[in-house]
Structure formats: structure tokens, C-alpha cells
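This report refers to the structure that appears directly beneath it.
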């Protein structure tokens, strides 16, 4: 029975994909979209069913579909595991997925390739489900690479523009760098524990450790640490952490629903999911945890600073996503997995809402993304505005919206563990508040700065677009309740997966309340600055060429892309050109050299063959003498 | 020093001297005549061995047939002149060196191998009379003998064909 | 009549034949006239024949002499064909100088 | 019914295609190749039913030569690859205008015959004959039906012929030496030989000369790109899809079991040979201007990885190498088919002159995309299973090997996607582009089906080759040389 349901869960989006690929074009104007939405909705229903079930029974469901392949001493099954963690992820993947599909029906309604778009979206959902539900690392890897592929396809959806294709390619390759890390990590784990199943790895590690003496134990653990580090590199690629984050802002080239679904709510959190899944491994490797925490903190602050000055509405959101992901990794590095998961969920709500809101804006402005050419949209788009405001408040950490709870938990954890990281995280949060409200003010307030033509066409988006916005805004507003400080449903729910917490829940004391107050004040300060700058003074960010100093550096993202180009892409291309033009010719010449030498010998030998019979006779006689002397050599001497 | 030995030395001297002269004389006709003499002295050697039949055949084939052919050819080509240009000096020197080398190598092999020679058998059995030779030739060497005849036939045809003027080339 | 080699010794014949053979070789290398070269070849053949006969006597065996017959037959055929070739060469080139025969040049 | 029937059918196919005349040659070839595929399928079924399908006839007492054909899993897997790819390759030429078709298809079938023979032969002498026999048809195919200036083509093809032939001569010498030792050419006898280490090293190197050129490993690859470019695409498919597998297969079948000591002592060097090919091929492919050359270099990178896997001498390396061989065979044929379609439609080989095809030919784009994804070893494609296993075997030896070999997943994605972007995407091409014809679509569909089926369920192949791999492993690692 479980098998049927799980197949339904997995195959519904896949069927949607296949149907859309083959028949999508014939399915009427919005047929493809509704079909895709329905497919995801089926998955959502199945998920909901299991979610309710596990809330009651608290026993995970595991199904083994078939044996995939084996290597070394490891046999890999196509196994599906529905436990608390994966069901939680499934809930918001399919839930938000359904909403975004619905949104896309309207958003993409006049694109000629929309059936492809929905096919890709469905494929993405399928791979995401596989990623989340797989019961071993390799099945997760299928999903891991699969979502990367869908991300590639969707970023480059408007394939006629080669810049978009470049962005898609960049995303795929950056992800693949991480994937190599993931592979190496898997290899190490498979080598050490002879299994890749999540359920068996901890036992195998324990068993191995019990067999080993003290010095070998250290060695074993350091090997596992390397595995953890390698996996983390994989997570860096997928979840856009330093140094592999540069693809995510570029990925905004894709249609906005894609940015909302893949590059904000679901795929980019796969790294966090994986680390949470493998928490037992990371727990064994404190050094790696430190690395994760530091990388997360640095990413959050770097991305936040870049986000301060971006003018493209989606770019701001993209850097905000990177920054928020950094905060989640900070939490992961500190061992507070459930906190990270909490933030993933709230983030999914409000960031999806923000992206969809920005999509609504862009839709209304017919593709304009530059905030310098927006403004005063509040008047025309009230629903978009309100949902956007709620989400902005949520991401800025203003109570009682969801972001407040989750972000506050992260900062609190950081405060207890490491003060420096706490300060960095807090600064990043203040910046977040600033740039989100900068975005809000520039887009929805003051006067409209676009063309008359655009102004004429301004309108609130249709219901298919506003409905998901409203649902997400509600969730963004109240989502924090699932882990209310002191009485966290989420922590209890996840306890079977993540184990009993040694540091437990934060005891709500004076320090904690003080910290909350600090966080709120910080958020308000950020909002205040934005208010003063953009609403009070009515500033508009300068045009590209007028930027100076730090502003310019930030606007150009610290020139990281250029640095990568200079450090990696250029040298490797130069090497390639060198190989192609010089080394290939040289090698080829070397081989031809054999022929040439033979030819030359032949040419010289030809001269010997001068046709003179007299000469031939000479050689003949000399040869005869030589042969005779050779035959009787030992006799003569 | 027995008579036979003396005869041997005289014959040998004649053989070698005429052979040398054959090679050295400029006029081909003279060469041919020296060669005839050389062949006769070789025939003398055969007689010394008491191989009369062989000696006779030798004279007939070499001095008679082959040398006449040579002389005819020489005359046919009208080479009755000392107009041959010498080979370059280096070549001649090299030829000399190789001559000496060949001699030395062959002799050295012979001397160094220190063959155990003699005592010479004298079984008294007749082994080289025409009768015996005929028997051997036509029994034991029947097949080669026939082949030799075929060879001669082919040689004859070949010689005729080769020396015939080609008629087609005129066209 | 006893074995003549008792009085002469096979070594002397070997020396003689070696020298005779070498003279033939020398002639082949030394002269440009193809006919003389041919004659030198005949000298070499004779040297070998002579040695055959000498050893035939040494072993008191007719086989050596039989071989001489064959080699004579071969020599006769060879001379016939060879001279015919020379004649046709002479017809074409008006010379039988072997240094002029360079058509084999590769 | 044994494996020889497949060889006979293939040979008969060559004859029949020649006899059936230009008009019907392609159909005859397709039909006979499909029949051969069916026959090898039947043979495979028999093998799986534990029947002996190998044969051995005495050919000559002195020298001691047997016409021995192997019926073990490894050979049958390669046989299946050959007979499965042949109809696809023939199908891919449908709709093309081919001069003197009867000779063309006859040569293709003959090539299939020779390659199948190479995979099946268990007697070194017969193996060598088949090995060289395979060279002859491809020489003519590339020379007579190729493209480009006749002089350039001749230069490339003659170089290829002489180069590979020269390499093979070393192998012949090795076989001659082995014969003096064993008094037989039979694989079973040769593998039993107890050779000293020095002997093994020389024999190993002699085999290596033949295989490294055929596969090709760098720096012996210089014939490859030029020939792939000049040859007609069917020829390129034969070369890249099957023929270079001959070298890889032979490493497993001949080189390692006969000279295991040498393989063991120089393992690291030869793994580096393979890995260097991975890096070099990938890097060179990045900036190729010519589509077919780019695919040639990608092939260089992939076979480098396969060879590295084979030289790790562990079970994963060997079986991964076989899986990768088969998957690469299908993928590369698909890619070259795509390249051929583009070249046929646009009449150019320069990537810079392509682009903007996607909007004109959506079906073709999807199929090409899937082939590209298979080539970059996306999970659930067959290539992933092979590549993963090979990389694990490399990891088993040294972590660095796996990391360097793993760079292929990054660089491979880079050059393939770059190529795809420049060839397919962008503003709509000015030249009209016809979408795939039914024969091309069918070829693609079969390849895609195989790729995904074995990507998700490689067990049949794994089970098929496992006993052979086990046997080879035993021959390599067992101390006293007993069979």
C-alpha cells in the first residue's frame, strides 16, 4: 500500500512532465499549466496524508523500490524514506510548488513554450521529491543533480538570449563543482562504512569506532571529517555559499516563478537538508562545523553588503537569499539543525512570497526589473503591496512575523556559542532590513519613474497571481508559530530524526529577551535608515556610471565574477588554446616525425642506389667478405 | 721434388699469370686469348688428376664453346681496340684492396682452421672413368642432369630471343 | 697410378684456387668492360671447378666431378644468355661500359 | 547454436549487402544487422540459461592455432554492444545520399564482423587477425566516403592506418614471443604462463603500444580528431562507438591477465596515463571550433577515464570500465548522430556558424540535450553508473585519482554545455532546419531508451559480466598462475 502511495507521490510530477513534453502543446491554452499544477497537487495530497499520519504514529515509512546497482561492498537500492524531516521538506516543496505552479499559469500565459516550462517545473518537483525522500545518499544524489539540471533548463528558459544561457551554464557548472565534493564525500563514507543508507551509517560508524583503538579512532574520525567537508562543498554549490555562490544572482535570468520556487524556496535549501540529514556525521567533526559556521556567517554578511546597493529588484532578492542561506549555515555550523530547518521553512514562505510579488511587479511593468524605474506601485497594486510588506517585515525580523522567530533563534544560538558570529549575523540582519525596505520604498512608494507607456498599463495582477501571494503572505505572517520559543512544536517533531538535543531549547531568560529586543531594534534601525534615505529624502540610486568608491565595488559584487574569470576561466581557456594550437601540433608533428625520418632515410638510401653496376658489385663483394669473415670470425682471430 | 709437383707449379704459374693478364690487358681480344690459355692450364690440372674425360669436356666447353662466343661478341661489337677508359683511381685502389682482403680472409680461414689433411687415400677403385661418371650421372644425378638439359634449352631460347632485333620498335 | 695428391698436397690446390678466385673478383671490380667482367666471372667459376676436382680426387669420389659437369652446363647457359644481353645492351647504348649502365638508379 | 552464428550472419550480411545492389544495400544491411542482433540475443539467452555458447575448432596443428570463440559474459556484453550499435549506425545513414551504397554498407557490415570477431576470439592468432581486419573497412570508409579535401583526408586516414598498424605490430611480436613460451595461442594457455617480471613488462608494453594507440590514450591520440572529423559520420560512430572499445576490452581480456605483475608494478603510471587523457581531452575540447573534433576530444577524455579504471585492477574498476564502455558506446553514437544531423542540415562543421536551432527543431533539441546529459553522466543515465563505479575504483586507490578523474564531471559539463549553447541556442538560425526524420528519431529513441533503462537497472549487465570480471581478477591477483 505504501508503495503505491509513494509511487503516486513520486510519479505524479514525472507523469506531468512526460505528458507535458509530448502533449503539452496540444492541451489548450492553459492546459499544460493546470495539468502540471494538478500533478504537483496530487503529490501534495499524498504528502499531507503521510504528514498527518506521522504526526500520529511517529514511525517513518520506508519502501524499497528496486535494487539500483552495487559497487565495492555497497549495494544501492532505490529506497524511499518518509520520516519527519523528509515529510517536512515535502510539505513545503509540494505546497509552495503547487502555489507557484498556479501562479505560473497566469504568469507564463503568453509564452509560446509554456508547456515546456511546466514540464521542466514538474520535472524539478520530481527530482526534488527524490532528493528529499531518498533513503540513501546516492538516491539523494540523483535528485541533487536532477534539480541542478532543471535549474539549468529553467534559467536558460528564454534560450534565445545567450546571456541567460551563460547564466544557466554557470549555475550548472558551479553546482557540478559542488557535486564533485558530494561524490568524494560519498566515496569516503562508502569506503569507511560500506553503506550509503542514512539509517545504517550511524550504526556502522559506531560499530567501527568500537572496534578501533584510540589512535586509529582519531584517524577514522578525521577521515569522516574529510567526508563531511567534502559533502559540505557539495552543499556550498547547491546552496550558494562562498565561494560557489555567484551563480545564484545570475540565475535570476530565469522566469520569476522559477526564481521563487527553485532559487529561493526549495532547491537552494537542499544543502541544508543534506547537512541536516547527515547531522550525525557533522556532529563528529567539530572542525568542519566551525568551517560551516564561518562560511555561513561570511556569506551572510558579504551577500548582505552586495544586496545593499543592487538596483535590479530580483538581484536584491537573490543576494538576500544568499545571505539568509548563510545564516542557515551559521546555525548548522553551530549544531542547531532544527533552528536552521525552522529558518528554511519561514524563509521559504516569505522569500517565495517576495519573489512572486516581484514577479507580479515585473509582470505589471512588462519586464522592467530596474527599481530606479519603478515607484508608487502601491496605488495600482494593493494586494501585491500588502503581501510584499508582510514578507518584508518577516524577513527583517519584526515580530510577530515568522522571520522574527527563526532569525532570532539563529542569533540566540550564535550568541551562546560564539560572540563574533553573533555580531556578524546581527549586522547582516540589520542590513537585510535596510535593503528590503529600500526595495519596498523604491518600488511601491513615491512617484512612478517609468515611462508613460508603462504607467498607462499598470494594473493589479489577476487572481491566479494574487491568490498564491495571499496564501504565502499569511504563512509568512504566522509561520513562526510552529516553533514558538519555549513551546516549539518543530523541535519535538524533529526530535526522532535529530536526536535529543544536548544544549536543549533555549531557556527563555533575561538574556534571551534582551537579545530579542536587540534584534528587533536592529531590524527597526535598518528600516529606519531606509525610510530616512529613500522615503524622506526621496533618493534614487545613481545610474551605473555615476557610482563611486565602495558603492561601485559593492555594486559590482566585489568584482568576484571578474576575479573568478581571471583566476579560473581565463587560465583554463588559455591552456585549452595552448593545447589546441601548440601541443596538439607538436604531438602530431612528433608522430609525423617518425614518417619524416623514415622518408629521409629512404631519400638518403636512394642515393646509394645510384644505378652504377660497378658500385653494386663493390658492395656485393664487400658484403660477401663481411659475411664470410663474420661466419668464421672466431676461426680467424 | 717430384715431377708431378714441378708440373703442378708450372701449371699453376701459367694459370695465375694468364688469369692476371686477362684482367689487366687492355685489349679485349688479348684478354680473351689469355683466358683461353688459362682454361687450357686448368685443363692441364685436370689431366694431372687423371680426369681425362673432364679435361676434354672442359676444353670443348670452355675453350671451344664459351671462348668462341666471347670472341664473336667482342668482334661483333668491334671492341678490338684499347679504348676502354680506366675506372677512377680510387676505385682501382679499392678494387686492389678488396682483392687482397678477399685473398687474406679466405686464406686466413683456411690456415687458421688447421685442417687435418691426409693421409691421402689411394683405394685404387676406379672413380673417374667415363663409365663410372656415366653411371653416377645417369643414376644418382638423373634428375639434375635432365634439369641441366632443360636449362641449356632455356638458355638457348633466351639467347636467341634476346639477341633478336625487335621489329615492333620501328613502328 | 697413385693418388696425385700424395705428391702435391691439397693445400697447394686450395691456395691456388683462392688466389685464382680472388683474381676473378679483382677483375670484376677493376674493369669497366662488361665482357672482361664476364671473363672474370668465368675465372672464378673455374677456380671453384678446380677445387671440386681436387677434392674429388682427395675423397676418391666421382661426385665432385659430376658437380663440375653441372656447373659447366650452368656456365655455358649463363654465358649464352649473358652475352646475348650484352649484345642487346650494346645495340641500345652503343657501349658496354658497366659504369654507363645506370638505369637502376632509384 | 553458438556464438559463431553471429559472426556468420554478420559476414553474410556484408556479402548480401554487396550483392543486393546500391538501391537495396541499406535495407539489406539493416535487416541482416537486426537479424544478427536477434541471434546474439538468443545466444545471450542461452548463456544465461547456463548453456555453453563458446566454441573451439582446431585450425592448424602446427603452428597450434584454434578458432576459439569465447562465450563468457564479457565477450557477450561486447558482442551485444556491437550488434546493437550496428543497426543504429546503419539506421542513422538513412536519408543520406551515399555514393556506391553497396560497398559502403558492405564495408560497415564487414567491420561489424571483424569487431565482433575481436571481441569473441580467444585464440591470440585469430584475435590478431580480427583486430587487423577491422582496420581495413574503416580505412576505406573514411577514405572514400569522407569529407574535406581529398589530400587532407588521405593524409589523416593513412596516418591513422599506419599508426594503429604500427602499434599492433608490437602486439604481434608479443604474441609470437608468448607462442614460443606456451606453444599455443589460446588465451587459457597464455594466461597460465608463468613469466618472469622482465618478460611481463615487455609484453605489457608491447600490448600497451597497440591498445594505447587504438583507444587512444594521450599522447598517442593525434590520429583521432582528424580522422573523426574527416570520416563520414557512420565511420566515426563505428570508430568511437565500437572500435576504440576493442582496445579497452583487450586490456581486460589480454593485457592484464597475461602480464599482471607488470600491471601491478606500474599501475600508478598507467592510471596517470588515463587521467592525463581525462584532463587533456576535456581541456582541449573546451575551445574546439569544430563540432566533430570537439566530440572526438570528449571521447578522448571519457576513454581516458575508462582506461584509468581498468588499470586500477580492482573489481569496481574493471566492471565500471565495462559498463562505461557500453554506455559510452551508445552515448557517443547518439552525439555523433546529432552532429551529423546538424552538419547535414547546415552544411558546416564550424560551431561558430551554428546556433539558433532549438526554436526550429524542438524534438531534435530535446534528444540532443538528453545525449549531452548522458555524456556528462547525469544520474539515472547509464553513463553515471559506469562513471561512478570507475571513480570509486580510482578513489579506492587514491583520493587524488578520484578528484582528478572527477574533474571530468565539471569540465565535461563545461564543454558540453558550452557546445550545446553555441550550437543549439540563441537567436533563430537564418538557415531553415528540418526536425528529425523518422529514422533519426528512431535511432535517438532507442539510444535514449537504452541509456535510461540501464541507468536505472544496470543489474542485467552487471550480472552478465560479473563471472568474467571475477575470473580476470583471479588471474591478476592469484599468486600461483592456475586457471
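Numbering starts at 1 and runs along the chain as displayed.
Here the Cβ of each residue, glycine as well, is placed from N, Cα and C on the backbone.
Taken from TrEMBL as is:
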type: TRANSMEM; residues: A:6-24; note: transmembrane segment
type: TRANSMEM; residues: A:31-52; note: transmembrane segment
type: DOMAIN; residues: A:68-118; note: domain 'NADH-Ubiquinone oxidoreductase (complex I) chain 5 N-terminal'
type: TRANSMEM; residues: A:87-105; note: transmembrane segment
type: TRANSMEM; residues: A:117-133; note: transmembrane segment
type: DOMAIN; residues: A:135-432; note: domain 'NADH:quinone oxidoreductase/Mrp antiporter transmembrane'
type: TRANSMEM; residues: A:139-159; note: transmembrane segment
type: TRANSMEM; residues: A:180-200; note: transmembrane segment
type: TRANSMEM; residues: A:220-237; note: transmembrane segment
type: TRANSMEM; residues: A:288-309; note: transmembrane segment
type: TRANSMEM; residues: A:340-362; note: transmembrane segment
type: TRANSMEM; residues: A:383-401; note: transmembrane segment
type: TRANSMEM; residues: A:463-484; note: transmembrane segment
type: TRANSMEM; residues: A:616-633; note: transmembrane segment
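Taking every listed stretch (A:31-52, A:117-133, A:180-200) in turn, the largest tally of C-beta pairs under 8 A with the transmembrane segment (A:220-237) is reached by A:180-200. Of the candidate ranges A:139-159, A:288-309, A:383-401, A:463-484, A:463-484 has the most C-beta pairs within less than 8 angstroms of the transmembrane segment (A:87-105).
Summarised by DSSP class, the composition of the domain 'NADH-Ubiquinone oxidoreductase (complex I) chain 5 N-terminal' (A:68-118) is 29 helix, 13 strand, 9 coil. By the Cβ criterion (distance under 8 Å, sequence gap of 6 or more), the transmembrane segment (A:117-133) is counted as touching the transmembrane segment (A:6-24), at least 3 such pairs being found. Residues 96, 99-100, 102-103, 105-107, 338, 342, 345-346, 349-350, 352-353, 356-357, 359-360, 363, 383-384, 386-387, 390-391, 394, 400-406, 409, 490-491 of the same chain, all 6+ positions outside the transmembrane segment (A:463-484), place their C-beta atoms under 8 angstroms from a C-beta of that stretch.
Listed as Cβ neighbours of the transmembrane segment (A:180-200) (distance under 8 Å, sequence separation of 6 or more from its ends, same chain) are residues 62, 71-74, 76-77, 79, 81, 135-138, 141, 144, 208, 220, 223-224, 226-234, 236-237, 274, 277-278, 281.
Mean pLDDT across the domain 'NADH-Ubiquinone oxidoreductase (complex I) chain 5 N-terminal' (A:68-118) comes to 86 in this model. At the 8 Å Cβ threshold, with sequence separation of at least 6, the transmembrane segment (A:31-52) comes into contact with the transmembrane segment (A:6-24) through 3 or more pairs. Beyond the ends of the transmembrane segment (A:6-24), by six or more residues, the same chain brings 31-32, 35-36, 38-40, 42-43, 46-47, 61, 63, 65, 80, 82, 90, 114-116, 118-120, 122-123, 125-126, 129-130, 133 to within a C-beta distance below 8 angstroms of the stretch.
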